[in-house]
Each structure stands twice: as structure tokens, then as C-alpha cells.
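Below: one structure, written as C-alpha cells.
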């Protein structure tokens with residue numbers, strides 16, 4: 001049987017991949033977004049695993065909402081990306097450098 | 001419970017196999033005589049011009065975004081739908097509020113022309 | 001309204017009123033503000049007349065709950081130490097306002113208002129008996145000064161203004177921290193309660209240095225004095241006067257009100273350091289003043305040097321004190337007080353003198369002038385008098401304070417006294433040399449001959465000051481009398497160990 | 001409940017705005033103001049009610065919630081007054097703007113009243129999503145879009161981290177309700193493994209919250225967003241959400257994990273000191289006033305966090321007081337920037353303040369008050385908030401921290417002085433006049449005067465802040 | 001059923017060294033073969049049927065050369081496709097290019113795992129089988145998008161974009177339409193849904209959900225890129241859309257997926273709205289007895305065949321829609337309709353109307 005810690009290890013691995021991806025990715029914003037999604041996936045795994053092993057649905061409900069919010073986030077994120085593409089002609093991380101102090 | 005999912009895994013594997021297998025067969029059986037002309041991208045009879053990764057209408061994005069949102073609403077409605085007959089009027093009112101807000105958003109999109117497609 | 005509140009808020013509200021009058025009605029604004037300042041002065045005189053000089057207790061007390069979260073009270077009161085300073089403040093303000101009469105043409109109403117507000121705030125500083133109230137007034141008084149220097153100052157005013165502000169701000173935040181510390185320890189922000197708060201030696205040391213940061217900057221003492229020449233030089237005449245005459249006294253007052261009574265043991269322990277710094281200020285800065293070409297700068301440095309006497313007098317008491325014979329210590333303390341007041345008159349006068357010259361030729365360089373006596377004989381008379389006072393000529397107020405301090409210092413250590421005494425020579429040297437170069441001799445600059453002598457306004461201002469300087473020089477007794485008891489009390493506080 | 005009203009109002013305004021023709025677009029604005037007003041009144045009417053927890057433990061009504069909501073509605077109204085001027089000047093006036101603001105307010109209200117990890121998270125996201133969109137509302141400005149993107153990406157990461165922490169807390173405590181979590185955390189017989197996992201989750205929660213607050217080293221978005229966003233959005237986002245963030249912090253860390261205070265206080269202390277230091281120092285080099293204020297915000301946030309380091313009720317009260325004060329000041333400061341905006345002219349440089357004291361002495365004076373208050377000079381309100389925090393910090397025994405804080409406060413005073421310098425000591429190149437409508441001028445003046453007035457009589461507010469806990 | 005049980009028993013006995021898992025997998029494989037082989041055959045002959053039926057409708061004969069009456073035509077087609085060269089466009093991303101057909105066909109096959117053919121006849125009985133169908137079904141979009149993208153050519157990209165937006169638009173509609181089904185059945189298990197329709201035609205869901213049934217059917221046409229909604233291929237506009245660059249078996253796989261999906265949609269329509277394996281004559285006094293011998297699976301297949309025929313019929317009858325018309329249909333007509341109908345069904349449930357909401 002799959003144990004709780006297996007899930008937790010899996011989720012933490014996903015989480016770390018997401019996090020590392022964010023920090024080493026210096027080129028593409030879409031990749032950034034995908035890394036964020038990875039983090040959320042890790043969180044969801046966590047919640048569901050806990051929920052399952054605790055016998056408590058709150059975690060699953062939470063996941064439901066996280067998914068929704070993630071979707072809304074993606075919607076807005078893509079919209080912003082589109083805008084950025086329009087004003088900049090590119091969606092590389094490098095182009096977001098006009099704001100400096 | 002979980003063993004019910006084993007067939008699913010097997011079927012997905014099979015599905016992938018049914019994709020890969022025939023192509024492999026085709027690759028083995030068919031001839032392979034590539035030429036530059038043959039391998040060039042399709043164009044209506046003249047040499048390809050421009051970048052095929054062209055800009056496309058932002059409406060496609062819009063549809064994608066709307067899809068994400070509405071699909072999620074569907075996902076929210078499903079659990080309710082399963083048990084709605086047992087929830088009684090409380091469930092009805094709750095989902096009404098939910099759908100009402102959804103509809104408000106829908107009207108907003110509609111009025112803003114997000115659903116127009118020229 | 002109680003007397004002290006009236007003294008604080010009348011000028012502040014008056015300032016707002018003057019702002020409302022606006023720059024367009026400049027003359028009205030001028031008259032109104034001078035009227036207010038005179039009114040305030042008159043009211044403040046009743047502090048003196050009704051003052052009970054037989055007690056060290058706070059008088060004219062007012063107490064109302066202000067911030068009950070921290071037991072902060074709107075608590076005012078004066079004793080013999082603060083009362084003279086308040087009167088000095090109200091007095092100087094009139095002079096300053098009058099002195100700025102025609103000189104200030106840009107935004108005159110704002111100028112006047114700034115001074116009025118500052119007057120109220122400074123009176124607040126001197127009369128606050130609650131530490132936070134004190135701190136609030138202390139900091140708030142920076143704001144008008146900042147603007148006065150920055151808006152109406154000289155070419156380098158921005159730098160000077162900001163430097164002035166930041167120096168004093170930096171110094172005072174440490175004071176704030178230690179005030180809070182004491183509040184947490186004693187549960188009260190009342191200064192009088194803090195006097196009785198028992199503190200360990202370490203705490204006292206920290207608190208002492210925190211206070212020292214605040215007050216030493218303000219006084220200013222030797223290593224942290226550099227803002228003062230800039231500020232004085234760049235400020236308009238009125239600003240310089242207020243700075244020298246009053247704001248510096250806030251630092252000295254702080255030593256009297258906070259350092260000595262709250263941290264007596266630390267004061268004792270570190271008194272030598274302070275004394276040495278004071279002596280450096282007195283001697284070294286005196287020499288620095290000697291080489292100045294800018295009159296204002298020269299006076300600024302001489303101010304630092306003179307304020308050195310104040311700190312010297314204050315901290316010499318620990319060395320001067322001998323059991324059974326508190327005379328020497330008392331002399332030093334009183335001398336410091338007297339020195340503060342007299343310096344208030346003298347430095348104000350000196351800056352006004354320079355201001356008069358500056359109004360004529362728009363130059364503060366000593367070398368611009370020469371033979372001013374030829375064109376401005378009346379003015380030269382005053383100028384020489386004040387210069388003498390500045391040099392500590394007997395018969396002027398300058399002599400009294402310095403002499404008392406030196407007497408106190410003698411009790412402490414003869415060498416301190418000797419060193420301090422040199423300032424009489426150095427001070428005489430730079431002041432008289434300046435006088436010689438500016439007023440005597442032949443007219444080298446043709447413009448000097450065109451200078452007109454004092455007008456009635458200038459004359460009356462300088463005359464009043466001259467009277468004050470001489471009166472205090474000849475008969476300082478009234479001043480000393482009112483502070484006697486309070487200072488004796490302070491001495492007791494300073495000498496009783498808290499450990 | 002005010003939330004329900006606000007939600008209905010949002011729907012109404014959203015729909016109404018769709019059907020309003022151009023000449024009547026202002027109706028949206030007035031409706032927004034009315035909705036916010038009524039929301040505030042409703043929240044006010046709930047004040048003093050005993051604490052109740054509803055919706056299965058996921059929603060709390062207490063005094064803190066009510067006070068925060070009232071304050072939030074009020075400050076949003078003020079922000080909207082300023083915003084209208086900005087929007088009309090820059091042709092950004094759209095109905096969605098106001099709807100989004102109201103949505104953000106709704107999200108914040110949920111955050112304030114949220115009493116389970118889920119409601120808190122949802123509130124946070126409603127807020128964040130609205131803010132992302134608001135920033136990008138100036139579609140054609142590269143800076144704004146870029147700011148939106150940065151805020152979005154970092155905000156999403158922060159949410160992710162926060163959620164990860166939440167999942168850990170949920171996993172170990174078995175509940176997402178703050179009440180249960182608190183019971184779990186206070187229960188005496190925690191195994192060391194359980195404490196470890198709680199701590200593990202806690203770290204992520206703290207990081208997430210620090211992100212949202214903009215504390216160093218999670219502050220990267222703050223300057224860019226403040227600078228890039230349209231000023232009216234910056235105004236909104238620099239002010240009101242701070243209350244909500246603090247409320248969330250209180251709910252999770254104080255109410256829920258108060259027993260773990262010893263653990264998170266250390267983290268907070270580091271974050272706070274770093275924020276104060278970096279915010280004060282880096283701001284010195286800014287020429288863009290929005291960016292400068294961003295760094296100043298970071299340093300203010302440091303002070304707010306210091307209040308939570310103390311771990312006592314009055315310390316939390318001090319933090320809350322600081323937030324309220326900060327919002328009052330920040331509103332006024334950005335209001336002043338907006339005031340200088342003219343048709344097609346985006347005032348965002350410190351040099352835009354040059355010579356303000358000449359042509360508009362009144363507002364120069366107001367700005368002087370605001371800046372000095374931010375610097376913490378008495379008698380303005382900013383001083384008392386710092387005083388309160390310092391008092392608490394010292395009373396908790398962290399004298400060194402207090403000294404560091406005040407030293408950096410002095411350093412930060414320098415850049416506030418830069419603005420005063422521009423206004424008073426320098427002359428502008430061009431004569432600029434104030435074109436703002438009277439209502440804005442009036443509200444802005446009142447706002448600035450409040451900084452002084454509350455500064456003279458801060459007692460009530462301090463007591464109120466402390467009474468919330 | 002008994003036969004099956006004994007077969008399973010036989011497997012277990014004859015290969016004693018097998019542990020349970022491998023045995024289970026083998027059993028599943030056997031089931032899969034039993035399911036997929038007929039499916040492929042159906043696909044093959046569905047293409048044939050299409051050409052024939054449309055041919056007759058257009059008064060021509062259709063394929064008639066290969067084998068008697070052209071019966072071997074599908075086989076010939078398959079052989080031809082197999083021996084064609086697979087062209088890899090020079091600018092294409094080879095891996096994605098090849099992944100696309102796989103992603104297209106895999107869901108089309110995987111979905112069948114949960115389809116109930118008769119009471120108790122299914123590969124697996126998931127509690128969430130309907131969700132599984134929806135979830136797996138939407139993966140098909142990736143195949144199309146990837147195909148368009150990986151080809152790195154204009155027409156496929158255009159086709160992919162169009163296709164993707166169409167698919168997702170109609171997926172929402174299908175989702176909402178199926179919500180109403182779930183509302184009545186109170187379950188997302190396909191078996192339960194079918195079982196719930198027991199008791200004669202009146203109990204089938206297409207009666208209370210008639211509009212939804214129509215919407216579902218039309219959406220199914222769109223989802224499978226069938227005429228009159230085949231703008232994705234749109235030979236006359238974008239010369240075959242996504243598949244332009246595909247040849248030989250790569251193309252055949254797409255083709256296979258499309259037809260498998262069509263069949264799937266037909267079956268789903270039956271399962272959702274037309275009582276699945278239930279006989280239409282249940283509860284009808286005389287006929288019920290007459291047709292009692294017919295196994296449920298036959299009914300299911302018969303009904304499905306009707307729908308498959310309907311596909312062809314529609315194709316032969318209607319002209320192609322314009323793209324914007326299709327989009328408008330989904331967003332502005334179907335979507336509001338489904339939402340309204342959700343309310344209606346909810347109300348009917350609360351008011352206990354008819355035999356369906358007792």
C-alpha cells in the first residue's frame with residue numbers, strides 16, 4: 001500500500017522542481033507559470049494525501065478551490081502575458097526590465 | 001477500490017500503443033525517400049513564405065481563458081448535481097447564487113463583446 | 001487657558017493666523033506677527049514676576065491626560081532653570097521678527113509664521129514635564145527651522161538645512177529609545193518620575209550616552225558640531241539668531257533636565273570625557289574661529305566655543321564638588337546657566353550685526369568690509385560693544401557666565417580652568433580682529449562708504465540687546481536668583497548616587 | 001453581513017455599468033462610493049457585537065474584523081476620490097476599474113474575517129487577482145503591464161508557498177479551521193515530530209505572508225509594481241491591502257499558531273530588521289517618487305512586523321496601529337502624487353514636486369506634513385506609531401533592534417526630506433497648477449490634516465488598536 | 001457471464017506461478033482485445049458505410065470495386081496507408097509531431113474502459129466514470145494542438161487553433177448538458193446512470209432533457225469535427241487543417257481516432273439519454289415479452305448504430321457552417337440554454353415532477 005510519506009515525498013519533489021524551475025529559469029515566462037502550477041500540484045497532492053489519510057474531506061475541498069483559483073490565475077496570467085506581448089513583442093523574462101530604480 | 005483503476009492504466013497504455021504501433025508499422029513498411037521539396041512545409045503551390053509561427057487572433061486566447069473558467073464552473077456544478085436531489089431547497093438556492101454570479105460574468109463578457117467572432 | 005499653555009499655543013495659532021493672512025498682505029502679516037510676539041513676551045514676563053524663587057518645585061504646573069495608553073500627560077511646568085530660557089525665547093523672537101521686517105521679501109508671512117510657530121514649540125520644549133511631550137516639541141521645533149534655513153537661506157541652504165535636520169534627528173532618536181526604556185522600567189513618561197527612577201550603572205551608562213547624542217548634537221559639542229557652521233551661515237539672519245540664541249540652549253537645557261538628574265552616576269563617570277570634549281570645543285574651535293573669513297562662520301564657531309563653557313560648567317561640578325562645600329560645583333552650574341542666557345543675547349546680537357551688514361552689501365566676507373565706522377558710526381558702536389561682550393569683557397554678560405564657569409572649573413582642576421581661560425584670549429583675538437578688519441581702518445571697498453547707518457528699527461533692536469547685555473553683565477543677580485534654588489536642587493540630584 | 005451586501009453591490013454595479021452610456025459613466029463611480037459607504041456602515045453596526053464564528057468555523061465576526069472593515073471601506077472611499085481624478089486625467093475611466101476595486105475589497109473582507117485556512121486563502125486570491133488585473137488596466141503602458149506580470153508571477157509563487165505551508169499545517173493538525181489549529185498547537189503533549197512539521201509549515205506560511213506584505217527578502221515585486229502600476233492603483237494597493245495582510249497574519253499566526261510564537265517571532269525579527277534596513281537605504285537612491293515610496297513602504301512593513309515580534313497583545317496592537325497610521329499617510333502621499341497629475345502628464349518623479357510651495361503652498365504644506373509624518377517626526381501621527389512599536393519592542397527586551405530601527409528611521413528621513421527639498425527649496429521649471437476637482441482637494445486636505453490631528457490626539461486610536469486583540 | 005468467470009478461473013489455475021496482479025493484467029488485456037478489435041473493425045467498416053450511405057443518398061453507388069460490393073475497401077485502404085511513406089516536414093518538431101497522433105488516439109481508446117455495454121459487462125466500473133470520460137476526452141485537444149504546432153506550417157496551425165477553440169467551447173456545453181443528466185441520475189457512474197433509466201422509454205432521459213439531448217448530439221458532431229461543423233479540416237479553406245503535414249500511418253492514426261471518437265459519442269449519447277442497454281420495449285405489454293430474449297448489448301449497439309447513421313445522414317444533408325456561426329452557437333445559444341436547463345431540472349427535482357424526479 002502507498003503510505004502517506006510516499007505522497008509527501010512525491011509532493012515535496014514536485015514542489016522543489018517547481019521552485020528550482022522558477023529560480024533557474026531566466027528565459028520564458030510561460031515556463032515560470034508552469035513552475036507555479038507545479039507548486040500548486042504539489043500542494044494539491046499534499047492536501048489530498050493528508051485528507052485521505054486523515055479521513056477528513058476538508059483537504060479535498062481545499063484542493064477544489066485551489067484548482068479554481070489556479071485556473072483563474074492562469075486566465076489572468078495569460079491575459080497579462082498577451083498584453084505584454086503586445087506592448088513588448090516578446091514574452092521573455094529579459095524584456096521585463098523597464099522598471100528600475 | 002483502487003484495483004478498478006488498473007484497467008484504466010492498461011487501457012491508456014494500450015491507447016498509446018495503438019498510436020505508436022501503427023506508425024511504427026507504417027514507418028517500416030513504407031518507403032523513405034525524403035527530398036527537400038517533399039519535406040518542405042505545405043503551401044498552396046509556391047515556396048513557403050513568412051514565419052509559420054505567426055501571430056494569431058487574440059480571440060483564441062479569449063476562448064481559452066473563457067474555457068478555463070467555465071470548465072471549472074462545470075467542475076463545481078458536478079458534485080452538486082450528484083447530490084442535488086438530497087440537498088433540497090438549500091442546495092437549490094446555493095447553486096442559484098453560484099450560477100447567478102456565473103451568469104453575471106457571462107453577461108459581462110457578452111456585453112463586452114468577448115463572444116463576438118468576426 | 002493656563003499661562004504656559006497660552007505661551008505655547010498663542011504663537012502657534014498666531015502663526016497659522018499669519019499664514020492665513022497670506023504673503024500678499026505682507027505688512028499686515030508683519031505687524032500682526034510682531035504684535036503677537038510682543039504679546040507673548042509680555043505674558044511670559046508674568047512668569048518672572050509671579051515666579052516663586054524659593055522653591056525648586058515646578059510652578060505654573062498643568063497636567064491633563066493626553067495619551068493614556070502610555071500614561072503620557074500634557075504636563076507643563078517651569079522651574080528656575082527653564083523659566084529664564086522661556087523668557088529668553090519670547091524676547092528673542094520679537095527681535096528676530098523685527099529684524100526680518102524688510103529683509104525678507106519672499107513669502108514674508110510664511111517667514112513670520114515659521115518663527116512664531118517655532119517660538120511656541122520651543123517654549124513647549126522648555127516647559128514640558130512629560131518626556132514624550134518634550135520629545136514632540138523638541139522634534140517639531142526642527143521643522144520650522146528646517147524650512148527657515150531651506151527656504152530663506154543662502155546659496156548652500158539645501159545642504160545646510162538637511163544636514164541640520166538629520167544631525168539633530170539622529171541625535172534625538174537615541175534619546176527617544178532611552179526614554180522608552182525608562183518608561184518600560186518605571187511605567188511613566190513623566191520627567192520628574194524619571195528623576196527618581198533607580199537605574200543600574202550599565203543602564204545609566206547607556207542612557208547617558210543616548211542623551212548625550214541628543215544634547216551634544218544640539219549644543220553642539222566638539223565632534224558633532226559640524227552642522228552648526230553650515231546651518232548658521234546659510235540660515236537667514238533671523239534663523240541664525242534663533243539657532244544660536246535658543247536652539248543651542250535646548251541642548252544645554254537637556255543636560256540640566258535629563259542627563260544630570262536621571263543618570264547622575266553615569267554623568268559622574270563620564271564627566272571627564274565631556275569636560276575634555278568641552279575644552280576641545282572651547283580651545284580648538286576658538287582657534288578655528290580665528291581663521292574664518294566669513295563673519296557668520298566666525299560667530300558660529302565662537303558659539304560652539306562658548307557653548308563649550310556650558311557643558312564644561314555642567315560637568316565640572318562632579319570634580320568640583322567637595323563634601324561640605326558645594327560652592328564650586330554650584331558656581332559651575334550656575335555659570336553654565338548664566339552663560340546660556342548671556343550667550344542668547346550676545347550671539348543674537350552678533351548675528352544681527354552681521355545681518356545688518358549683509359543687508360547693506362550682501363556679503364559676509366570680512367574682507368569686503370573695512371572702515372565701516374566711517375559710514376555707520378552708530379552701528380559700529382553697538383557692534384563693538386557686542387564684540388566685547390562676545391570676547392567676555394568684564395561688565396558685559398559674557399564675562400559673568402564665563403567667569404563663573406571658570407571659577408567652578410578651578411575647583412575641579414586648575415588646568416581645566418587655565419585652558420578654559422585661554423578662550424578669553426583667543427576669543428578676544430578673533431572677535432577684536434574681526435572688529436578691527438571690518439570696522440576700523442580705511443575704506444577699501446568703495447561700496448562701504450555708501451552704506452547707510454542704522455534705521456530706527458535696527459537701532460531699537462540692537463539697543464534693547466545692548467541694554468540686556470550690559471544689564472546682565474553688571475547686575476546678573478535677578479537671573480541668578482530665580483535659578484538658585486532649582487540649581488541647588490539639581491546639584492543634589494546630581495550628586496546623590498542612584499545605585 | 002457587509003460582505004454579502006458588497007457582493008450584491010458588485011453584481012449590480014457590474015451589470016449597470018454595462019448598460020450605461022458614455023455620459024452616465026460617472027454613475028458607476030458614485031454607486032461604488034455609495035456601496036462602500038453602506039458596506040462600511042454595515043460593518044460599523046456590527047462593532048461591539050460579541051465574537052461569533054459561523055459557517056462551520058470558517059468565518060469570524062469580531063471587533064477586529066469590524067474595525068478593519070470600517071477602516072477599509074473608509075480608506076477605499078478616499079482612495080476612490082483620488083482615483084477618479086487620475087482616471088479622468090489619463091483616460092482610464094472604466095467601470096471595471098471600480099468593480100475590481102470593490103472585488104478586491106470583498107476579498108480583503110473575507111481575509112479579515114476568514115477563520116479557516118480556506119477562507120483566508122480565498123480572500124487572499126480574490127484580492128490578488130483583482131489587483132493583478134487592476135495593475136494591467138493601463139493596457140498600453142509597458143510599465144504597467146510589466147508590473148502586473150511581475151506582481152502576478154511573484155504573487156502566484158507566494159500563494160504557492162503559502163499553500164504549501166497551509167497543507168502542512170492541515171496535515172499535522174487535521175483541520176483547516178483556525179480554532180482547531182489553535183487547539184492543536186496549544187495542546188501540551190505535542191510530539192517533537194509534530195512540532196517539527198508545524199514548524200516546517202510555519203516557515204512557508206511566514207514566507208507567504210512576508211511576500212504579501214512585501215518584507216525583505218521577499219520584497220522584489222514592491223518597487224517595480226509601485227512604479228509601474230498606474231498611480232491610482234499604486235495608491236490602492238499600497239494602502240488597503242496592508243490591513244488585510246495584517247489581518248491574515250493575525251488570524252493565522254496569532255490566533256492559530258500563537259502557541260508557536262517563539263518560532264515565528266525569530267523569523268519575523270530577521271525579516272523586520274532587513275526590511276527596515278533595506279527599505280531605508282535603497283530608497284535614498286530613487287528619483288521616482290513612487291519607487292521611493294515603495295521602499296519606504298518596505299521599511300514601514302518592517303516596523304509593522306516588529307510589532308508582531310513582541311508576542312504580546314499590546315505589541316500586536318502597536319502593529320495594528322502602525323498599519324492604520326501607515327495607510328492614512330500612504331493614502332495622502334499617493335493622493336498628493338495624483339493631485340499633481342494633469343491631462344496626459346504622469347507625475348511620478350520627485351522633481352515633479354519642485355516649486356510646489358510657490359504655486360500651491362497649501363498642498364506643499366500638506367505634503368510636508370505627510371512626509372514628516374512618514375519620517376516619524378512628532379507631532380505627526382507617524383511618530384506615535386513608531387513610538388508605540390518601539391515601546392513594545394523595547395519592553396520585549398529587544399533594545400538593540402529598537403536602536404537599529406531608529407537609526408534607519410533617521411536614514412529614511414533623508415529621502416522624505418528630498419521631497420520637502422524639492423517642494424520648498426527648489427524652483428520648478430514650469431509653472432504647474434492644480435487641476436484636481438474640489439472634492440479631491442478637500443478630501444486630500446482632510447486626509448493630511450488628520451495626520452496632524454490624530455497625531456495630536458492619538459490616544460483613542462491606540463486604545464482601539466490594542467482593544468482589538 | 002459464466003463463460004467469462006470460468007475463463008478467469010482457468011487462467012488462474014493454468015498458470016499457477018502468476019501472482020494476482022499479472023493475472024489481472026492479463027485478464028484486462030483479454031478484455032481489451034475483445035473490446036478493441038471489434039472497435040477497430042467497426043471503425044473500418046464505418047468508413048465504408050459512410051461512403052456507401054452518402055453515396056446512396058447522393059444517388060451514386062460508392063465503393064464497389066474491391067471485393068464484392070466493395071466490402072474489402074477498408075482493408076485496401078489500410079494496406080495502402082501502411083505502405084505510404086511517412087513524411088517528416090523539415091521544419092517540424094519531430095517528437096511532438098509524432099506525439100500528436102498518439103495523443104489523439106490514446107484517449108479515444110482509453111475511454112472505452114468505462115463504457116457499460118450491458119448490465120455487468122464493462123471493463124471496469126468506476127464510480128466517477130462520467131468524469132473519467134470527460135477528463136480523458138479533453139486530452140484529445142492536445143493531439144490536435146500539438147499536431148498543428150509541431151508541423152510548423154501555417155495551415156495546420158490555423159486548423160489547430162480553430163479546432164482547439166471549437167473543442168473547448170463545445171466541451172463546456174457538453175459538460176453542462178451532462179450535468180443535467182447527473183442531476184437526474186444522482187450519480188456520475190455510467191452504470192448507475194443507465195440503470196436509472198430502467199423501465200421503458202419514458203424513463204429514458206431524453207424526454208426530460210430533450211433540449212440537452214439535441215445539444216449533446218450537435219456538440220458531439222463538433223467535437224468529432226464532423227460535417228456540418230468540419231471547419232477544422234475545411235478542405236476548401238485550409239486544405240485539411242491540422243493534418244496537412246501528416247501522411248501515411250501518421251495520418252491514419254488521426255483518422256482512426258476521429259472515427260473511434262464518433263462511435264464513442266454515439267454510444268455515449270445512448271448511454272446518457274437513450275437508456276443504454278435497456279430495451280425500448282420495457283413496460284410495453286406485449287412487445288416486452290417478445291423482445292425479452294435480446295441481450296442488452298444488442299440494444300445498445302442497435303441504438304448506437306442509429307446514431308452513427310445519423311452522423312452520416314447529417315453530413316449528407318447539411319452545408320458547412322461558418323466558423324463564427326459555430327462559435328456563436330456554442331457560446332450564445334447552447335451555453336445559456338444549458339444553464340437555464342440546469343435551473344429547470346433543479347426546479348423539477350425540487351418539485352418532484354414526472355417519473356424522472358420522483
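Keep in mind that glycine also has a Cβ here, set from the backbone N, Cα and C atoms.
Keep in mind that what you see is a predicted model, and the values were worked out from it rather than measured.
Annotation comment: TrEMBL describes D:116-412 as domain 'NADH:quinone oxidoreductase/Mrp antiporter transmembrane'.
If you look up TrEMBL, you'll see D:6-24 (among others) marked as transmembrane segment.
Taken from TrEMBL, the feature transmembrane segment covers D:36-61 (among others).
Proximity of distant same-chain residues to the transmembrane segment (D:67-85), defined by a Cβ-Cβ separation under 8 Å and at least 6 residues beyond the stretch ends, is recorded for 2, 29, 32-33, 36-37, 39-40, 43-44, 47, 93, 97-98, 101, 105, 108-109, 112-113, 232, 235-236, 239-240, 243-244, 247, 324, 327-328, 331, 334-335, 338-339, 341, 436-437, 439-440, 443-444, 447, 464, 468. The transmembrane segment feature in TrEMBL is assigned to D:67-85 (among others).
Taken from TrEMBL, the feature transmembrane segment applies to D:97-115 (among others).
Here the transmembrane segment (D:121-139) has Cβ contacts under 8 Å with residues 90, 92, 94, 96-97, 100-101, 103-104, 106-114, 145, 147-149, 151-152, 155, 159, 162-163, 166, 212, 225, 228-230, 233, 236-237, 241, 244, 248 of the same chain, all six or more residues outside its ends. The transmembrane segment annotation in TrEMBL covers D:121-139 (among others).
For D:151-176 (among others), the entry in TrEMBL reads transmembrane segment.
Under the heading transmembrane segment, TrEMBL lists D:233-254 (among others). Outside the transmembrane segment (D:233-254), and at least 6 residues removed from its termini, the chain residues within Cβ reach (under 8 Å) are 60, 64-65, 68, 71-72, 75-76, 79, 82-83, 86, 101, 104-105, 107-108, 111-112, 114-115, 117, 120, 123-124, 127, 131, 134-135, 137, 178, 205-206, 209, 212-213, 225-227, 260-261, 264, 290, 293-294, 297, 301, 304, 308, 316, 319-320, 323-324, 326-327, 330-331, 334-335, 337-338, 469.
Within the chain, the transmembrane segment (D:260-285) has long-range Cβ neighbours (under 8 A, six or more residues past its boundaries) at 185, 198-199, 202-203, 206, 210, 214-219, 223, 253-254, 292, 295-303, 305-306, 308-311, 398, 401, 404-405, 408-409, 411-412, 414-415. The transmembrane segment feature in TrEMBL is assigned to D:260-285 (among others).
Long-range contacts of the transmembrane segment (D:292-313) within its own chain (CB-CB distance under 8 A, at least 6 residues past either end) are made by residues 210, 213-216, 219, 222-223, 225-227, 238, 242, 246, 249, 253-254, 261-262, 265, 268-269, 271-280, 282-283, 286, 319-320, 322-323, 326, 330, 333-334, 350, 374, 385-386, 388-389, 392-393, 395-396, 398, 401, 405, 408-409, 412, 415-416, 418, 466, 469. Residues or ranges marked as transmembrane segment by TrEMBL: D:292-313 (among others).
Outside the transmembrane segment (D:319-341), and at least 6 residues removed from its termini, the chain residues within Cβ reach (under 8 Å) are 64, 71, 75, 78-79, 82-83, 85-86, 89-90, 231-232, 234-235, 238-240, 242-243, 246, 250, 289-290, 293, 297, 300, 303-308, 347-348, 352-353, 356, 363, 366-367, 370-371, 373-374, 381-382, 384-386, 388-389, 432, 434, 436, 440-441, 443-444, 447-448, 450-451, 454, 461-462, 465-466, 468-469. As annotated by TrEMBL, transmembrane segment applies to D:319-341 (among others).
As annotated by TrEMBL, transmembrane segment applies to D:393-417 (among others).
Positions annotated as transmembrane segment by TrEMBL: D:442-461 (among others).
Residues 58, 116-118, 121, 124-125, 128, 131-132, 135, 184-185, 194, 197-198, 200-209, 211-212, 218, 220-221, 224-225, 229, 256-257 of the same chain lie 6 or more positions beyond the ends of the transmembrane segment (D:151-176) yet place their CB under 8 Å from a CB of it. Beyond the ends of the transmembrane segment (D:97-115), by six or more residues, the same chain brings 2-3, 6-7, 9-10, 13-14, 17, 28-29, 31-32, 35-36, 39, 53, 57-61, 64-65, 68-69, 72-73, 76, 79-80, 83, 87, 121-131, 133-134, 137, 177-179, 236, 240-241, 243-245, 247-248, 251, 255 to within a C-beta distance below 8 angstroms of the stretch.
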